[in-house]
Structure formats: structure tokens, C-alpha cells
Amino acid sequence: MNKKILETLEFDKVKALFEPHLLTEQGLEQLRQLAPTAKADKIKQAFAEMKEMQALFVEQPHFTILSTKEIAGVCKRLEMGADLNIEEFLLLKRVLLTSRELQSFYANLENVSLEELAFWFEKLHDFPQLQGNLQAFNDAGFIENFASEELARIRRKIHDSESQVRDVLQDLLKQKAQMLTEGIVASRNGRQVLPVKNTYRNKIAGVVHDISASGNTVYIEPREVVKLSEEIASLRADERYEMLRILQEISERVRPHAAEIANDAWIIGHLDLIRAKVRFIQERQAVVPQLSENQEIQLLHVCHPLVKNAVANDVYFGQDLTAIVITGPNTGGKTIMLKTLGLTQVMAQSGLPILADKGSRVGIFEEIFADIGDEQSIEQSLSTFSSHMTNIVDILGKVNQHSLLLLDELGAGTDPQEGAALAMAILEDLRLRQIKTMATTHYPELKAYGIETAFVQNASMEFDTATLRPTYRFMQGVPGRSNAFEIAKRLGLSEVIVGDASQQIDQDNDVNRIIEQLEEQTLESRKRLDNIREVEQENLKMNRALKKLYNELNREKETELNKAREQAAEIVDMALSESDQILKNLHSKSQLKPHEIIEAKAKLKKLAPEKVDLSKNKVLQKAKKKRAPKVGDDIVVLSYGQRGTLTSQLKDGRWEAQVGLIKMTLEEKEFDLVQAQQEKAVKKKQVNVVKRTSGRGPQARLDLRGKRYEEAMNELDTFIDQALLNNMAQVDIIHGIGTGVIREGVTKYLQRNKHVKSFGYAPQNAGGSGATIVTFKG
């Protein structure tokens, strides 16, 4: 679409209205590049994206996106083979973090049906290893020690050397206090120095780095720390070299993924722009219009977005209607009406919401042309008429059936009769070519043209004769009329003069009376329509409230069911625990044999209600999923206190993690999720604890050393029964070697027990013949 119409309609100012709702530089750049299109599929896609985002906001009203900076230049530098600096890596790190947050948000999103937005969410990439690499850079722009082993080693040596320097200087401060002007360590040229009185400068050996302005103080680096300082300087150089090497290495690791990261950044910006459109809809009560396939326009309560307190109007541009001619005085908002129509079309064809009511419909035009305002050129010495006519001639040569044309004060600037004739001729040419046109004029001759000509409709702007002010209400189907006599009379002009004037144009009085009747009918119809709209709005509010209440009730119902299931499962667990305690008490007070106790326990289990299956419970699934680590999670390695990122899970259940440039293999207990740590720090959840009375937990080992034979055999009998009751597969019995009496007693007991599958001495490194390992039957 031609740029001139965008400038005429001030489209850039309209786009600026969306900027406060954007969170990313990528979204801002896409907004600035936004332009109208005539491709129906592109417009439909933009409309569908906004509607899906609206549905998303219903479920997630606080949906947001992390702010990101533009990285196109950074990715281009990578592709050209350049190495990045820390600031550039932090920009990439932010994009990867935002991408991961959006993926996580989408994975946990429920109760929303997405199609267009799903395409973008699923296009985002996952880079767990790169995220781990980039953990080497903290947000303050510092390379962490764990970025490489060499960097950690160098920094440890620097720290140790600096500590030595401090210790030496502190000792000298005490020893040479009388020789110093101040009891502090100063810094000159990056070196630690002592402020020595000039009279004692030869008493302290070292290097002079500075002298005070008065000459009374000499800043000396003592000889004892010179060597250490030189070592520190050398280590600092090594540190800089190692940091450069790390930057080069991580640049090489990121380089193959530069295009994918740039694509992710674009998607983040696109989602941000869609989000900003919906925030604009919420703020300004805008709507996503319907799209007409045949250039039919129906705008309900449409407003100009740049006019404060704009009056809302209806515009109907049916399929067969070719021209709307707005007649009447120059005041009243005719030009604003032209711009409102054009700007609304431009916004819709750019994929933006419009300021109108639901049910509004827009067409698709390949071009929109306009001749609005006085665009005469002083340099060309063109009159107002010549300027307008030059522009119109140019437009008439370019328009076709797929164009929308806006003409302001058509035929103005010349003789009224000739101007009116030219205006009618131009409108007739456009009508015959079936080009949709909205034109304004103050020539009364065009009223008759609008009434008598097919597919052309008159319109006007309402004027309140009581207040002598325009109301800016658009009256489609009603031609404009002059209010000169009413205004003159109200302003105090003699009724005789007004009457004489009206007699001179009796011929036009009939027309004015008809127009007046049409105005009254239009106003009455508008009042009825406004009442209908108020009822519709109330119904919509009621429907929204009922839907919200229904959803809340469903959520509460699901929550209560989940609580009930959990309580039922807890009751079952408590019942089984109590049954265990009962059986233990029975065993201690009776001569029941182990196998009889086991059979009794099995019967009790059959009597207990079936365990509640919570495997399909969404709430518990979501909580479990949230707690379980997954590829891409940020972690803290507990033994080192360093951050990293999980990159993969091994078959044995262990995890591989990237910690700076170091790859580590960790068990789940050796790390903590960063998110879990943050949750602990931010909020302490109140936990309801159910206290249960129970004995000690099952023991898998019995130590009989130092026991008498009878005491040992009684303990062995109780231990084996307890092990069987707790379904243990294997236990250890430590009897020692000694005289062998207890060992022999253990062997005989195990041989007699029918629940024992096998037993034998432990390996040499686990006690040898001083311990017996027992395996029970399944």
C-alpha cells in the first residue's frame, strides 16, 4: 500500500499507541515495520492470533514475557566468525531464558485451545547445553570461577597472594606506625603502598610510587610485597588470557545455533506484539473485526483512535453501495469521518484491532487513496483548486475496483457551479468504475445527485440548533442542510430579515423540510438502536459473569474431589499402619507363629478399601511434574554451590549437567533445582502435619555380639519375625567369631525356619564369618 496514505492518516501515531504494552525490543521493531496487506490469509492469521491470545488471557490474566534486547546484530557477528563479549552473551542468555520460560508456560497451559499460537510456541528451540555454558556469565557481567578449572585455579592463587600482601602490610602498619602519616594502606598505580613521612623515606625499603602535593608524604610499596605484587600482576594477565579463551570457546559452541537463536528472538517478539494488541483491546475496549470477502464494510460505534473523547458512529458500506457523499456545512467533523473510515481499514489490514463494537466488519483493499486537506505547493505556485485537482488526476489514473477512495471537499476552491459540476462528474466516473468512495462537499447540488443516483447515498453530520454546536454524529442516509436561518434567528437577527430571506428560496424549503423529517426519523432510530445496544451489553456482561462463575465452581469441585481422594488415601494408609501395630502387639503377647501373622495381615489388607488411584489426577500430576527435574532445568551443585543446567538423563537415572565449561555426571541427590530453592526463599508454605504413633522403622541388621546365648536366640526370633512382617527380602546378622556358640545357634535357627530361602557368611570386606546374610522366600 502506498506510503502517502499512511502519512495522511498518521498511521505511525496509531502504532505508537501500542508501544507502552510491549516488553521486548524485538516486538517494538516488528510493530514499527507493521504495514497493511491485501493478503486475506495474512489478515485472518493475525485476527486468529489475537482471538487466541484473548482466550489465553481469560485463563492466564497475568501472562507476561521477559524483556529482551535486540540480538540480530549479535547473531550476525557470530555468523561472520567474530567472538562475542560478555555483554553480548548476556543478551543471548536472556533470550534463551525467555524462550525456555515460554516453552514451560505453554507446556503447563490448560483449558485453552490454541492453533496459531501453538505453532509459534512449538517453534521455540531448547538449548540446555548452551544454557549451561552461559551460566558462566552472571548478570553483573562477571565470568564465574566455575567457567573453567584453570580460571578457578588462577583466581585462587590471586586471592592467596592478595591475602599475603594484606598480612604483610598490616604487620608493617603496626611495626612502622611512628614513621607513617596515616595508619592505613593506600593505593597508587594499582599497587598497595604505605603513606610514609618524608623524613623516614629511607627507613622503609621499597619502591616509591607517588609523593603528596605538599611533599610531606611518600607512598612506598615495601620490598616485602613487591615480589607478591608482581606475581599478582602476572596472575591478572593470566586471568585475562583465560577469560578471552573462555569467550572464544563459548562463542564457538554458540556459533552453530546463531540462526536458531535469532529465530527464537523473532518469535518472542511476535508473541510480545500479539500480547500488546490484546492489552490494547483491554485498555481501549477495541475489537477484532470480522473480515468481509466482498469489500463490504460495517463499522459499529467506530471511533478515531487519535481523537480524545471521540464520538462513536456507525458506517455501513454495503456490497452494492459505491459512494457515500457527506454534504452540509464545513464544520461538524466531516473530515474526521473520512479519516476514521480510512484509518480503521488500514489498522485492520495491518492485523491490528479497531476501536469499534463487536459485529463490525471490514473489507480488503489493495490500495487506499485520499485527497484530504490543503496540500498546495508554494514552490509550484499552485492554487488550492489546482493542488487538489492535480492530486485527484493522479489518483484517478491509479484506482481500480480493489481500491478505496477518500475525497475531502471535492470540487472546492473554484466557482461553486463549476466546482459542483466537476464533483458530480468525478463521482459518476468512479461510480461507473465501481470504485468505493467516500466524499465530503458543501455544495447543495450534490444532495440531489445522492438522492437520484443508484448506488450512491447521502450522509451528513448532525448539528444541534439549540446549542448552535455540531454534535459530530454521523447521519447516514440523511443529506446535510444549511442551518443559516436558525442560527441567525438565535443570534438575534430580525425575524423580518430572516423571513424575507427564506421567501427568496422557497423552492428549497420543501427539500429542507424533507431533510428535517429524515433527521428526526434517523435520531429516533438511533435512540432505539442505542437502547438495543445497552441491552446487548448487559446480556454480554451477564453471560461473562455466569461463565466465570461456572468455571470457578468447576475448579472448586475439582479441588474438593482431589482433597477427598487424598484424605481417603491417607485414611487407608493410617488403617494399614494401625493394623501393623495391632499385629505387632498380638505377636508380643501371644504365641502366634510368623506365618500365621503374615496370613492375618493379608486378610486385613483384603478388608481394607482399595487404594485410591491418583495417577490420572491433573493437580497431582502437575505438582509431581513441577518437582521432578528435567532437561533444561537450572540447578545448583550442592557440593560446590555452583549453578549449571541439566543436559541429559542417563539410563541409570543419573544426570549430565553443564556447569560453565565443565560437564558433570550427578545423582539427583547431588543437586537442587534453582526454582525449588527460589520457592523456598520466597515463601514458606504452611504444611498440615498428621502425627502418627508408631514404633521404630524396620531394621535390616541385627547385632548379637556380646549377648548371652538365650538372649541372642530370643532377639534373633523377634528380629526374623519383624523382618517377615515388613516384607524384607534380605537381612544381615552380626554374631562375631568368638567361641562360635552364637554363630552355631544362628545357623541351626535359620535351617529350621521355613521362610528362609538361603543364608551364608558375608564377604570378607563385610565381616566374613563373623556375619551371616539371610535371604527370604518371595
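Quick reminder: no glycine exception, Cβ is built from N, Cα and C everywhere.
Swiss-Prot annotations:
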BINDING   G328, P329, N330, T331, G332, G333, K334, T335  ATP binding site
DOMAIN    702-777  domain 'Smr'
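The Cβ of K334 (ATP binding site) has 26 neighbouring Cβ atoms from other residues within 10 Å, across all protein chains displayed. Summary: among the binding-site residues (G328, G333), the fewest other C-beta atoms within 10 A of the C-beta are counted at G333. A sphere of 10 angstroms centred on the C-beta of P329 (ATP binding site) encloses 17 other C-beta atoms. In three-state terms derived from DSSP, P329 (ATP binding site) belongs to neither a helical nor a strand segment and is classed as coil. If you take every residue in the domain 'Smr' (702-777) and average the pLDDT, you get 84. All protein chains shown were included, and the count of other CB atoms within 10 Å of the CB of T335 (ATP binding site) stands at 16. For the domain 'Smr' (702-777), the DSSP-based tally of helix, strand and coil residues reads 35 helix, 19 strand, 22 coil. T335 (ATP binding site) carries a helical DSSP state (H, G or I).
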